[in-house]
Every structure is written in C-alpha cells, then in structure tokens.
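Here's what TrEMBL has on this protein:
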- 1-18: signal peptide (SIGNAL)
- 37-121: domain 'Ig-like' (DOMAIN)
- 128-233: domain 'Ig-like' (DOMAIN)
- 238-328: domain 'Ig-like' (DOMAIN)
- 333-421: domain 'Ig-like' (DOMAIN)
- 426-542: domain 'Fibronectin type-III' (DOMAIN)
- 564-657: domain 'Fibronectin type-III' (DOMAIN)
- 662-684: transmembrane segment (TRANSMEM)
- 693-712: region 'Disordered' (REGION)
- 703-712: compositional bias 'Polar residues' (COMPBIAS)
Amino acid sequence: MNALHAYAACVLFAAASATGFLNGEEEGPVKLKATVGDSVVFNCRLEFPNDLPIPYIMHWNKGGSTVFSWADGQLSAEDPYKGRVSPAHDGVLPGVAGSGVGAINLTSIRESDKGWYECRVHFPNRTPSTRLNGTWFFLDVDGGTLLATPPINVTTLEGQTAHFSCITKDRNNRVTWYKDGTPISDIVELRQRSFVSDDGSLTIAPTAMGDPGEYMCEVSDGSMRQQASAHLDVQYKAKVMYSPREMQLPFGRSATLDCHFRANPPLTSLRWEKDGFLFDPYNVQGVFYRRNGSLFFSKVDETHRGRYTCTPFNDLGTEGPSPVIDVRVQRPPVFTIKPHNMYLRRTGDSVAMPCDAVNGGDTERPLIVWFKKDGTPLPRSRITMEGGNLTLVDIVEDDRGMYQCVASNGAATISVETELVLENTAPRPPFNLRAVSSTTSVTLTWLPGLERPETQHSVWFRISDSPQWHVLPDASELDLSAPYRQSDTPEWRTLRVGDTGSTEAMVSGLKSGREYEFMVLSQDEHGDGMFSKAIRVKTAGTSTVEEVPHEFRTSIGSFQQIGPPRNVSVRVSSEGYLVHWDPPAFGAEDLKHYVVRWARGAPDSGYLPSGSDATEDLSYTIRYLEEDRLYTIFVLSINANDVEATSHPVSLYVPPYRSQRALSVGMAVGLGLVAVAVAAAWYLREKQIRRLREQDEDADDSAPSSNGKGKN
C-alpha cells in the first residue's frame, strides 16, 4: 500500500511538472487527517493580482473531476458531497483580503473521502484566466472505525421525510440514536414517527416543527464506541400558535397586544387588521410596532376598541391570519356600595359588611375580595360571601381589627377599609417588640395591637437593675438630650413617638455597657391601652460606673475615652443641609470616624430615625430632607475601640419651600394683574378726558356764529 501511494504521488508530481504547474512558485501539498464522522477544512490560498479583489471561480478536483466549486458567491457540490460542504472563510464575502478566504469545510467525513484534492482558481475577466494559484491536499481518513457512512445535516419542510445515514461496517454492531443528548426511544412524540433501518440509518416521517436539533448516532461493538452527529432543520410557513378570544386593555394606561407566532425561516413581515380593515400603526396616534410585531398602545382610549387579527409572513408564506381577538377597553372599578367606617359588636354576634363595585362606564362587576389588614386569614368556616358582601358569624376576640374590601380589574385596583370593634374587650397591647442597640442609643420596632389610624405610642424605659417601679408624672420634665447618669433615680422614663401610627423609635442619651428595660404603650382618643411585654437590651461598649471630669480623663488600660463632637451647627447650602462641628475636647488622637444621624421629631417628643452616614471630615451634607418637617440632628465621635460619644442634638425645621414658591408666584401674578388694571383705568381716564376736550373745542368753534346772528 505504501508503494502504491508513493507511485501515485510520483505520477501526480510528474503530471504537474509536465503541465508547468510546479515551476518553483507552488508550495508543496498539504496533508490532512481525519476520522470518520469528523470534519476538515481545506484552506486554498487565494492571491489576487496586485492584492486587488476581482471576480474569480474556484474548483476543487478529485480523481480528475470537479467535486465542488465556488462561483458568483454560490457553493455547489456533486454527489456524495452534497449537504456536507460549506464555506469556511472568515470574511463575509469570498475574495476579501484575509486568511482563509478560500477555505472549504467538509463535514461528516467518510472513508471514501480519502485521496488527493486539487484547488484551482480562475479569473474569468483576465487574460490569461489562470494564475499560479492553487493547492494540493491529501486527506487521510482513519479506517479503523466502526462507521462507514456517518449522518449529514438535513433541511426539510414540515410534513416531509428526513433521513440520516449511519451505515456501519458490521451489521452486528449496535446503533443508538440521540436527539440533543436524549435517546429517541425516550421521546414519546418522536418515537412514534421515527424508525431505525437494519443498516442503522434513522428516518423521521413526517417531520414536525418541534423536531429540529442535533441527532447523534452511536455505534458500539461491545469493546469500543464511535459517535457522529448531524443537525436537522425543519422549515415551515409562518403560523399563529395562540390567540386569545378576548383582551381587556386598561383605559388611560399603556398596553400591548401580542401576536403569538412561529416562523422558520424567520419572520419577514406581520400584518394587523382591525374590524376587517388594514391597521397600520404608523397612521394611528399613540400606537407603535414592537420588534416582535406586537402592537403597543401608549395610552389606551375608546378608539382602540375593536376586533383584531394578525397575519405573520416569512419566505415560505403564511398559514393564515389568527382567530379574531375581541379587544375591549376597561375603565377602573368604582365602588357603588361601601361598608361603614366601623362596626361595634359583642363576642358571639354577627356582622354584615356590604361592598360592591362596577367597572367604570360598564355594568359588569370587577373581582371583589375581602382581606384582614394585619394579614391574618379570614375564618372560612364562619364567613359567607354574596357578591361583594361579607358576613361574619359567631364573632370571637381575634376577629376584631381592620378589614379591607378590594375591587380589581385589568385597569386598576381600589380598596376601602372598615374596623370591627368589640365591646367589653381589653385592647390588645403592642407585640413583637425588637431592639437594635449601639453604644448610647437603642432603636425599637414593634407591631401595633390597636389597628386604628390615630393610635399613638410611647416608649417606657429604665435601667434594668432597678428594684423600684415608679412612673414620672410628666414626660415633658425629662431632659432626654442629657446623658443618663448613674446618679439619676432608676425610675421609668417615657419617650413619646412623634408620628401617629409610627411603630419605630430611637431612645438616645443612654449609658454605654448598661442593660435597660423597655416597654411600649399604645394610646388613642379613648385613652391608654396596655403595655407590651418588657424586653431587656444592653448597650454596646464598656460600662463606666461614674463620670470623670474632663480635665482628669486619661487612658484606662487599653481603652481610650473620647469626648463628643462640639459646637454642632446646621446651615442651608446649595447642595443641601451642611452639618459642621468641632473635634472632641479629648480623645481626638484615637478618633476612627464620625457618624451623623438625623431623625424626624423633636428631642422632647421622640425620634423617628431617617438616616445616618459615617465621615472622617468635620462636616457633612445631608442632601435631602422632607419639607415642613422638624428634624433632630446629632453627631457621634467613635474611636478605635468603638467607644462612642454623642453630641447635643440640634433641631432643624425644613420650611415648605414649594408652597412658599407657589405663594410668591401667586403674589407676583396678582401684582401684575393689579398693575394691568391700573394701567387700563388710567388709559380709559385719559381717553375720556381727551374726548371731553374735543367736545369743548367743537362747542367753542360754533359759539361766535350763533352770537352774531343773535345780535343782528
């Protein structure tokens, strides 16, 4: 065999020399090697005259005949190369300068592909038409395999037959087919339409639009395996897959009307019709095409109501229009019946809470549901629903609270609230009290026991090692801005939460490293409720038993004390609210950073934390605060051992700038109108005076003539 190959090479070399092909400018042959089922690239070097691309024709010859060729941008192949040859150049157009512009990819290699290949390039618009362009290749195919003919890529139309070859050298070898890695025997919808012949080839008949994918045949003889893959592409006309019978578009809001289609080849166009006429969004105000062909309504109105159909198209055509989509315009719901604000009942009684709504401008009823505002489920065994009316029987204590009737449609969701109050029942105290502590403050959160809009809360706290239980007569007498000293009486202190309904508060001015006890009390117009369960919270840092005067404070062990920031001030700047301070009087050498905190409320009425930030500078800009609000701002100095010291709080009232600007504009407009009125009055007055003067002058001119007649 080696002698035969050597003899063939010598014959080819002699033939090339005899024709003058090899004259010193041609390169030697390229040797390629592949296994059955693999792919290989023949890269024919293409050189243009003066490196300027011109029209060319490329032929690939084997055994004295052309097996595939490239001309006018089209690649053609003869049997058995059809379906296995594709261009492999890296340019968009063949002939563009770059590596591999004449490259050809041969897939699904067979043993019969072995042999010598010659690439020849012709320039039809030049004389002579041939140049010293061309390359010889020798493809060596590994014959020690199980496969004789591997599968090749198949493109077919939906409903036609697809055939994949997988011919083995030995009929006794086992062949297994896979689709995208899954055995075809496990794919029910494909197993019913496919069969494997005796030689191992796969046939799918008829093909469906869900069949495209990678098909792999695996050949096994018990000791070794070999795999080869090919792709199936099933093409079909563009078709509508799903179409709703009815669509509700929300009035006054944006909406999308989709056309659910599939197309292979890809979609080329999509046509919409409305009420039997062509609907062109380019001629309709506020309606646009999306990239997928859907209709986008920027603001739905009554003119968009109608019967729509969509028809998709691709290069193969269309399967036809979609079923009619009845598009309706839906307005937000409106309550026609509302429940009372409050229902007062006793345990064991029943209550009926009416609620009903209709879609705006329509008599149809939206979806109406009832919820309990605190999230607890309604007792299904004791409630009945008729339309939108809720009836609750055998009332128990847990039924009290706020209820919501919610009406919803595609345009909007609205709700109305009512409260169920029980007589002779103790109010539920606040619960789920939680705390987060720092060195000198504790932030508390809780859940309200009274679900009423005007509920007020106050925080009660004291050092937990106190054996006494006393209540201060008036919380306004407390100075919460001062540190809580060891010498203070261990009585309960109160802190009223500023905002009604708020369930969060921060207690500041506490002593570091000490344990405190906290409770929350709820109050409303009916009086005090009940205390929550008390919790104990320890502040961070190291406990200090007594206060040391500033002038005697020094390092204690490895902990360095630090003083609070001094002379804190706030002023309005172009960027927001500038907070400035001086460094602490002692401990500044161990300063790690400052923390600026701001909270809604005054020091004597409780804080509602709003924000905080750390900085190493002596100033910080708070960029946004709500208008018409009172804020309390304080600065903390923190050293390397996380010991904190809090400055005295600074109060800042943010005026209602918007209303002031509106008032200023209104005054300016009013003054302008007054000025116009004055000018108009002055103009009319001057015009009247001028008219009277003209009348007097006319009278004077006629007076002598009449006098003369009288005298004569």
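Any Cβ shown, glycine's included, is placed from N, Cα and C.
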Looking at the domain 'Ig-like' (128-233) alone, can you tell me the average pLDDT?
88
So, by DSSP, how many helix, strand and coil residues make up the domain 'Ig-like' (128-233)?
7 helix, 56 strand, 43 coil
Tally of DSSP helical, extended and coil residues in the domain 'Ig-like' (37-121):
6 helix, 35 strand, 44 coil
